[in-house]
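Here is what Swiss-Prot records for this protein:
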DNA_BIND  339-358  DNA-binding region
REGION    1-29  region 'Disordered'
REGION    145-215  region 'Sigma-70 factor domain-2'
REGION    224-300  region 'Sigma-70 factor domain-3'
REGION    313-366  region 'Sigma-70 factor domain-4'
MOTIF     169-172  motif 'Interaction with polymerase core subunit RpoC'
């Protein structure tokens, strides 16, 4: 028969699964709503630009594969997805490889930025030619298309500096997204490669930040929820002129107050015990946090002195009496033995051990011995 603890734990697990399913259903409904809005908007104008789609999808956590499916759904209902060429050309012209402020950077990274700056940008015709060759299995074309867009990765990675990952790591993660974009690019859809690759690069970087930037990993969907909560908090701060209450945030986000409090708790960054303290930073936070499990120095010293006095008093008994008391009260290993167990140790009856114990305790109660221990009992 299950005990109460098992029943309680089972109930908690069921509740946890129920909450998880509710969150999943809510996220799914939110995604479906956004897709429906895109379809309605696209049918009115006949087409959608990449930027319009990305602006709508920015609020939800979608993988690149899911984005591909949304493109297919839009095209299946007669909505053309087109590239905003003017916008992308401006973006490419604005790409810069300068190092962000406050970023310590060594010579190898400087050399990398210098090298990728030498690679010329591709024209739309060159991109189409390379894409066709990639489709036919040309590995050199794949390499050339990726190298020509490395500066795009650096430009995007700069926007995510200060979120818990090194600049070089952000570039590396963005490069992985770029490689994926090279493999998936379909020039027949009409937009430039940089338009298409931007999403993959951003997605790779944001997922890496979610997975690696925190000491305790938080799932990607929760990172998105935390970001949304932060945006709502900032908006309310500007409107109210003070820090918003959880109840006010919950109303805007359309979720229970307890859930908002839970998200706020999850969003807190852990603080290292090695955090430097003071102007000279010669102390650490851990130096000022007491160990609740460790005894106070005064108590530890008193216990040690009591132990020394107890050993001296036990030495005044006969060897047999001393050993019986040590076993009966577990003075050596913390495990008290029964009369039966001690009797087997000495090969005598329980009654005999009881008599030896009683005699030894009478001796310890004598004022000549007991007065030495009384001070430790106050």
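Placed from the backbone N, Cα and C atoms, the Cβ positions cover glycine too.
Long-range contacts of the DNA-binding region (339-358) within the same chain, counting only residues at least 6 positions beyond its ends with a Cβ under 8 Å from a Cβ of the stretch, are 320-321, 324-325, 327-328. Broken down by DSSP into helix, strand and coil, the region 'Sigma-70 factor domain-3' (224-300) contains 44 helix, 4 strand, 29 coil. Residues in the region 'Sigma-70 factor domain-4' (313-366) partition by DSSP class (helix H, G, I; strand E, B; coil) as 36 helix, 0 strand, 18 coil.
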